[in-house]
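In what follows, a single structure is set out as structure tokens and then discussed.
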């Protein structure tokens, strides 16, 4: 059994790490290079770096920040935000990213995922799904784009399957209902997507304590768990998270 991964997430806008609730109300969490270095030292398995306003205001990705982060970090680095072309992916990989996350462009041009996968190999293509419940029972979820502002009408589980078929090597699944709330992952959503595909699924959105990370793996069937605010603001360290997962019988790299 593969070890489950713990992945701190750096949401970056205007060169600063920020954290909001339900994609709004952003709070400054610090300098991305300093934060990335700290997580590297704490033993994070990977880092995810999302330029959260790149798609919505059509800004080019801040390559100099990525280069500075990649220079300090010796664990796999996934970078996303405003990725719209093969040239964008090449620039990010050249700047030091190990994997590139495609979100809005996967919806507007699904064939782009296939082109990217054929060009660079599916091991470095992550498709990010921002999903939100569209029923009161929390049993159906749809994909939203542009930082959660645009509803697409696409069913999240079906979309994950399609992305796998087109060559995604990994799914980064964010529950927008839970993002920043600290109420825990949306476990029915996480489980439905994880069980529908046979590529790794990273659960994101809602972590408020270490038990939530455990639940994401045990109940959500996720291959990796991503968190931001519990790490950024010093509530827990990555090592504490790994110890909690290990105590719950989950294999992790210590």
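Backbone N, Cα and C define each Cβ position, glycine as well.
Summarising the annotation, Swiss-Prot assigns active site to 11, 130.
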CB contacts for residue 130 (active site) [other CB atoms within 10 A, all chains]: 28
Whole-number Å value for how far residue 11 (active site) lies from residue 130 (active site) (Cα to Cα): 14
Surrounding CB atoms that lie within 10 Å of the CB of residue 11 (active site), all protein chains: 25
